Amino acid sequence: MMSQSKLKRVIGKFGIAALAINGLIGAGIFALPAGAAAQTGNFSPWAFLICAVLMLLIVLCFAQLAMGFDHTGGPVAYAKRAFGDHIAFQTTWLLYIGRLTALAANTNAIVLYLSFFYDGFAQGFLHSFSIIFVLITLLWLNLRNAAQTMSIINIITAIKLLPLVLFVLLGFTYIDLDKVVAFNLDEVENLSGALLLLVYAYIGFEGAVIPAGESKEPKKMIAKALISTLLITAILYFCIQVVSISVLDNVAISSAPLADSAQVMVGSIGAAIIGIAAIVSISGNLSAIVFTAPRMTFALARQGNLPKWFASISEKTKTPQNSIIFLVVFAMILALTGSFIWLAIISSLARLIGYFITISALVKLKKELIQSQTQWILPLGLLIPLLALCVCLWLASAASWQSWLTTMAFCCCGSGLFWLTRPKTKNKKVE
């Protein structure tokens with residue numbers, strides 16, 4: 001089997017947190033305030049926090065598993081230990097499809113945000129050319145080396161958070177406490193519908209566990225980064241929503257609530273800054289996806305579940321070059337042919353199914369983790385994993401049958417690759 005040592009451990013504590021933050025904070029926060037307000041009105045800031053609590057159940061399960069594994073792949077390692085090769089493959093394949101479709105969806109989104117400055121980006125040749133340019137740039141950056149790529153991701157993380165934090169700080173002078181606490185029962189009754197929407201704001205955290213083989217002290221740092229990042233992100237989302245409903249009389253009808261709020265507070269220059277912040281934010285999200293997702297196909301190939309072509313590592317840069325190329329090429333095809341909404345729905349559904357299997361692995365492996373004297377063990381026995389499984393099922397049940405059909409088609413394609421590869425790699429190691 002290919003040695004993990006060929007992948008350099010260059011990702012530090014801030015780098016792991018940056019991967020998690022960029023996975024969580026993408027395009028969603030710039031649009032979700034309107035949808036949340038439409039569903040739950042002045043209760044919407046609290047809806048963000050409630051959704052974070054539900055997602056925390058899932059994140060805690062991933063954090064527990066991260067304490068017991070220190071090699072690249074994340075969910076593929078967890079599911080393989082618990083259920084064997086085929087389930088491990090499908091788990092990782094589903095999460096990979098989730099990231100592949102998210103890459104395609106958010107590439108579309110970043111180009112659409114560019115149309116804020118010039119209408120020509122919205123459609124036609126310039127739209128398609130921009131999609132190709134963005135993805136080729138990401139390909140070039142990620143083929144360099146992991147350390148340089150992480151430096152770029154760290155810088156983008158700092159840049160993307162700054163405008164959002166400034167938005168909140170500036171908005172504190174506009175906060176209307178009466179709006180924040182004066183919600184009615186009708187708004188609370190719509191909470192379930194809002195949560196199905198808001199969960200999209202918290203999907204993507206799993207990117208931090210995938211490159212464990214390139215992380216310094218992964219067992220120690222990844223769990224802390226996952227939990228702290230979710231909590232910080234939840235507080236940021238809550239504050240952004242509080243400012244939005246305080247500044248705007250009717251957030252629900254705004255197509256760009258943060259930009260509209262900024263325009264009220266500081267004029268057109270504020271709206272332009274938020275537009276730029278959206279582009280930077282999505283750029284960070286795309287960078288994190290292109291960094292983490294290829295490590296999934298790399299891990300599958302390393303275990304003999306995909307052609308060993310995917311396990312190729314550049315001798316010069318020590319990056320999984322073929323897996324990176326594969327991801328970007330297929331994301332380009334999807335981005336040029338699919339809509340943002342369709343791709344986002346498939347991404348969310350695929351990840352929820354992947355989360356379900358991963359958490360099921362924890363249910364089976366928890367006794368083993370306890371016996372191995374893992375540094376930290378989830379309290380309350382199996383209660384938290386079982387609640388997390390219920391959350392996954394409930395959220396996934398809201399998807400349409402068309403979305404399920406498309407996702408299952410992706411699963412069948414993955415199974416085909418698995419069974420075509422296995423006869424050639426069974427009982428063999430990838431060199």
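Glycine is treated like the rest: Cβ placed from N, Cα and C.
What TrEMBL lists as transmembrane segment is 12-34 (among others).
Marked as transmembrane segment by TrEMBL: 46-72 (among others).
Beyond its flanks by at least six residues, the transmembrane segment (93-118) meets 26-27, 30, 75, 127, 130-131, 134-135, 203-204, 206-207, 256, 259, 272, 275, 278-279, 282-283, 285-286, 289-290, 292-293, 296-297, 300, 327, 330-332, 334-335, 338-340, 343-344, 346-348, 350-351, 353-354, 357-358, 407, 410-411, 414, 418 of its own chain at Cβ-Cβ distances under 8 Å. The transmembrane segment annotation in TrEMBL covers 93-118 (among others).
The transmembrane segment annotation in TrEMBL covers 124-143 (among others).
Annotation source TrEMBL lists transmembrane segment at 155-175 (among others).
What TrEMBL records for 195-213 (among others) is transmembrane segment.
Marked as transmembrane segment by TrEMBL: 225-248 (among others).
Residues or ranges marked as transmembrane segment by TrEMBL: 268-293 (among others).
According to TrEMBL, the feature transmembrane segment maps to 324-343 (among others). Away from its own ends, the transmembrane segment (324-343) comes close to residues 100-105, 107-109, 112, 128, 131-132, 135-136, 138-139, 142-143, 290, 293-294, 297, 310 of its chain (Cβ-Cβ under 8 Å, at least six residues beyond either end).
Under the heading transmembrane segment, TrEMBL lists 349-365 (among others).
Within its own chain, the transmembrane segment (377-396) has Cβ neighbours under 8 Å at 54-55, 57-58, 60-61, 64, 195-196, 199, 349, 352-353, 355-356, 359-360, 362-363, 366, 369-370, counting only residues six or more beyond its boundaries. Marked as transmembrane segment by TrEMBL: 377-396 (among others).
Within its own chain, the transmembrane segment (402-420) is flanked in space by residues 85-86, 89-90, 93-94, 97, 305-307, 345-346, 349-350, 353, which lie at least six positions past its ends and keep a Cβ under 8 Å from the stretch. The transmembrane segment annotation in TrEMBL covers 402-420 (among others).
It is 268-293 that, among the stretches 155-175, 225-248, 268-293, forms the most Cβ pairs under 8 Å with the transmembrane segment (124-143).
Taking residue pairs at least 6 apart in sequence, the transmembrane segment (155-175) and the transmembrane segment (225-248) share three or more C-beta contacts under 8 angstroms. Long-range Cβ contacts of the transmembrane segment (155-175) within its own chain (Cβ-Cβ under 8 Å, at least 6 residues beyond either end) map to 17-18, 21-22, 25, 29, 236, 239-240, 242-244, 246-247, 258, 261-262, 265-266, 273-274, 276-277, 280-281, 283-284, 287.
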